[in-house]
Structure formats: structure tokens, C-alpha cells
Amino acid sequence: MTEKLSNNPSLNVPLLSEWNHHDEEKAIASHPSTKNTVSFFRTCLNGLNAISGVGILSVPYALASGGWLSLVLLFAIAAAAFYTGTLIKRCMDKNSNIKTYPDIGELAFGKIGRLIISVSMYTELYLVSIGFLILEGDNLNNLCPIEEVQIAGFVIGGKQLFVILVALIILPTVWLDNLSMLSYVSASGVFASAVIILSISWTGTSDGVGFHQKGTLVNWRGIPTAVSLYAFCYCAHPVFPTLYNSMTNKHQFSNVLLVCFLLTTVGYASMAIIGYLMFGADVESQVTLNLPLNKVSSKLAIYTTLVNPISKFALMATPITNALKDLLPRAYKNRATNILVSTVLVISATIVALSVPFFGDLMSLVGAFLSVTASILLPCLCYLKISGTYNEFGCETIAIVTIIVAAIAMGISGTYTSVMEIVHHL
């Protein structure tokens, strides 16, 4: 295949931009033709940074929602996500012109394929950014409880006040043209996840909380929520083409995926089990909200949770602002317009965060509607089309079709449950 693919710069930014650990990787993400010089070890770190995220805070709640047996679903989703990651690699092996995830969609289904993947990427970025604001508001209000304040005649709740303050702190970062300093901070996803797991374990073992909750074997009504949150943990697939293109030895990419998925799944499963044993059915959608505030270990976990989203917000918002600017006439593509677009984006995200302040339900919706689509469903469909195996009836085709059917069922049930929960809480 020698089909030429369109090269929209705004689409060359990976979904979870915190994986850009050095200027070299950022250059690769922005200009995919950059020389491939990233080693196996550094690609593993970048992949771990992409997969490791705020999902670590919600897996105990996911396990509490579905019961102990839902851990099987965590491992099943991890296996499916790993497999679809290898399908992305095989799609890229078919055509050397593929540099980004939307390129795969275009090669498979033309412009409509590129559009579908791009929209799902940007929507997921936007909703996760909103989730960051909600997370910050929840944890800051937990640390410094405020009932309400009156400003210019308006009564504002404590949580809402913290969301607004965090948005004001974040706003100057989205105006930056050079995000290199932020990328160094935000590329600490692996370290942050490890600190959170260890500090919460410390709280359970040494600070009096203990691991005394038995939990339930299975809660069928909570399975859709559990599945959606588990899927949210593995939403890094749009980053994989950039990781693949950055490698010195691309033949090792499947091994990179194996290492990344094994380590992150061990981390997610450990956090889920620890949190559920500590707090049982009372675990919050963010496990940090359950921690006793007078313990050093708890404060370490909470402060680590607070720092990362502030640094990551601008990196998440940049692809969206770039895409919006690409829609404008050339005369309006200047510094002032960039600031205006970025500001409007932050304001809109803040309004949604204030209107729908339900972290668990929002992340469940992202997992069911977008993560399942981008990380499981679309890689399968694109591979079947690009490889031509949809015309064949073999074991792999049956396996892929099974994954597609399961993904559709997960997406529909999870999306319905999440939307109903959000409506119920409004």
C-alpha cells in the first residue's frame, strides 16, 4: 500500500501527552519523521507514563462496585487492550506512511475514519481535563474543608471554590508556547503511581487503618461501572503509533507493550485490592478521599495526587487548542488568538466541572464511551479492514469479532449506567 495520508499537525500530538519525557520525544510527537533514536528502556518508560494515570485512584471504587470477581474483568480488559495494541503495530507495519493514530483510521476508512478517531481523541482529552479539575477540587476541599463563601453576592461552595482557584492557577500554563518544563514534571506518571500505592499501603499497615474489610464476591448491578473504570485505565492507545515511530528497533515494540501492560496491571490490581481491603464498600471514587488526614503517609499520597494534574492539564489541552486553531482562517492564527482559544477552553472545562462534579461517574463515562471505542473497538475494526482478514474465517478473525462484540456490549451498558448515574446525582 502506498496511499498518501494527510498530515494535520494537530493530530500528531499523542492522547496522553505526559509520556513526552524529553524534548526529543516531544519533537517526535510533533514531527513524526524525526530520526528514530529512542531505546527499548526509554520507550518502556514512555509507555508506562502514558498508561499510568488518575485511573489508579478509581480502581478500588471499581472493585467495590463489581465485587472481587470483577478483578477477572480487569485482567480480561488488560489482555484485550494489550492485544489491540499489537494490532495497531501490525497496522503500521502495513504502511510506512502511518505516523499517528488518525492515520490508521484514514488508511482503513478514509477521511471518515480519521474524523472518528480524531473526535474520540479530542473528546477524551477534554473530559479527562475536566476530571482533573474535579479531582483537584475534591481533594483540596478534603484537606481544607470550606462550607461556602460569598463573593460579589454569589454563594460558592468550598469544592466549587477550589475548582475555580485551580482553574485560575492552570490558566497561565495553557498560554505557554513551550511546554518543556511542564513535560518534565508531568512525565512522572510511573513515579507518582508508585508513590500513591506505597503511601496508601503504608497507611493501611502502619497508621491504624488496617485491611479488615471483606467485601462482596460479586455485585452484578455494579459490573458496568467496574468495567468502564477498568477500561479507562487503559486509554493510551492513541500514543502507541508515536511510541512505535520513536523506537530505534521497532521489532521490539510488542515486547514494550508486554512490559508496560504487565507492570501497570500489577499496579492497578494491587491498588484495587489494597483500597478495597482498607475501606470496603465505603471506598470513594477517589481512594485518597478516604485517607485519614493526620497521617504523613496520607498527606504524601494526597499531595502527589494534587501536583500531577496541575502540570498535565496544559499538555492535555494543547492538542485540542491546536485542532481548534487549525479551523480558523490564517489571518487569525496568532498569539492573541491562541490565548483566547486556550482561555475559552479552560473556562468551558471549569463550567462543566462545576456542573457535573462527579469524578467517578465522569471517568466511568469516559471509559465506557471513549476508552472502549479508541482502545479496543477501533483498533480491531481498522486492523480487519487494513489487513483484509475480514474476508477470512480463521481463529484470529473469530477472536477479533468476539472482542468487538464484547466491546460494543461494554460500551453500551457502561455508557447507559454512567449517564443514568450522572443524571441521578444532578
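Cβ coordinates are placed from backbone N, Cα and C, and glycine is handled just like the others.
Note that this is a predicted model, so its numbers are computed, not measured.
Per TrEMBL, the feature domain 'Amino acid transporter transmembrane' maps to 37-415. The feature transmembrane segment is assigned by TrEMBL to 40-62, 68-88, 115-135, 151-175, 182-202, 222-244, 256-280, 300-324, 336-359, 365-386, 398-419.
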Mind pulling out the one from 40-62, 115-135, 300-324, 336-359, 398-419 with the most Cβ pairs under 8 angstroms to the transmembrane segment (222-244)?
40-62
Should anything in the same chain at least six residues away from the transmembrane segment (256-280) have a Cβ under 8 Å from its Cβ atoms, list it; otherwise answer none.
40, 43-44, 47-48, 50-52, 55-56, 59-64, 68, 71, 74-75, 78, 81-82, 85-86, 89, 193-194, 196-197, 200-201, 203-204, 209-215, 230, 233-234, 240, 243, 247, 287, 290
Contact ranking winner - 68-88, 151-175, 398-419 against the transmembrane segment (300-324), Cβ under 8 Å:
151-175
Verify whether three or more Cβ pairs under 8 angstroms connect the transmembrane segment (398-419) with the transmembrane segment (115-135), leaving out any pair fewer than 6 apart in sequence.
no
Selection from 40-62, 336-359, 365-386, the stretch that has most Cβ pairs under 8 A to the transmembrane segment (68-88):
365-386
